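Trainee: I am attaching a structure below and will ask some questions about it afterwards.
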Amino acid sequence: MNLSPNQKADVLIESLPYIKKFYNEIVVIKYGGSAMVNDELKESIIKDIVLMKYVGMHPVVVHGGGPEITNMLKVFDKESKFVDGLRVTDQATMEITEMVLLGKVCQEIVTRINQNGVRSIGICGKDGSMIKTVPKDPELGLVGGITSIDTDLIKTIIEKGYIPVISPIGCGPAGESHNINADEVAGKLAAALGAKKLMLITDVAGVLRDQHDEASLISDIKTNEIEEYIETGVIKGGMIPKISCCFDAVANGVERAHIIDGRKSHSMLLEIFTDQGVGTMITHGGDQNGNSKNNKQWKSIFNEHLWENAYSLPGR
């Protein structure tokens, strides 16, 4: 699309209030899906992240890497096993996971950011005992659930002018590595950092009223509307853990959480810097009586529906 000079000026002017609003604010980005595989989409995401830094925001990137891990397991002739959609992670699988996430995926993201003129550094949750975890389920092996996050290391990296890129690997009670769901890392990290926004880059347009019609996109959801959307089947299957992640972040102080289609070029910029935005935005809302459900009530709601159509792989 070719824009006239006046149209280009209009686009820049439209973005100005948002640049002011998010200047010097932390934005946590969960980077996954097709945008990690397609070279054009990779470059689009990286340029979005770099531009965010140049206009004064502080992007923090948490990445996935499920397809790359699966491919590497095949190279080592090791079968991928799943329980309720979660990858069973024995010691050998954990070592391969670390090799892929830290040695390949994270380094590629860091290199691409550096090549675009902004300094970046790659770390994982074990560095500085940043993300502490415990085993989620003995049947899953070294799959971890987050118990605490120490943000000092990330804040230091941000203060030095770097973009932190974080691999979803946690530190267990005995110092062992745990494979963590990247959505969970992003959501809890956003809350711990006091981020202004959480952005989940996915392979869907957002929450759809009709799963087969992207025109049915729901652009704005309040937290008090989530239960009804789950009960009526609008939010289901693979969308439930993402909504759960967004809810957890918003309930703990993050102003807005977004589910964004990473298959579309520059989708993050469109969400942040335009009036219309893209994807689905989740913001805080009380229940019908003006009160918020407590976290235990919400966890019960999410867990009740979570594995009806299990999909999510830890660390993805």
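Numbering starts at 1 and runs along the chain as it is shown here.
Placement of Cβ uses the backbone N, Cα and C atoms for every residue, glycine included.
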Trainee: Out of Arg87, Arg209, which one does Swiss-Prot list together with Gly65, Gly66, Asn179 for substrate?
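Mentor: The one candidate that Swiss-Prot places in that substrate site: Arg87.
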Trainee: Cα-Cα, whole number of Å: Arg87 (substrate binding site) versus Lys242 (site 'Transition state stabilizer')?
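Mentor: Between the Cα atoms of Arg87 (substrate binding site) and Lys242 (site 'Transition state stabilizer'), the distance comes to 17 Å.
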Trainee: Translate the DSSP assignment of Arg87 (substrate binding site) into the three-state scheme.
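Mentor: Once the DSSP labels are grouped into three classes, Arg87 (substrate binding site) ends up as strand.
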Trainee: Taking 10 A as the limit, how many CB atoms besides its own sit near the CB of Lys242 (site 'Transition state stabilizer')?
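Mentor: That number is 24.
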Trainee: Within a 10 Å radius around the Cβ, which one of these binding-site residues has the most neighbouring Cβ atoms: Gly65, Gly66?
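Mentor: Most Cβ neighbours within 10 Å: Gly65.
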Trainee: Out of Lys30, Gly65, Gly66, Asn179, which of these recorded positions is nearest Lys242 (site 'Transition state stabilizer') by C-alpha distance?
Mentor: Lys30
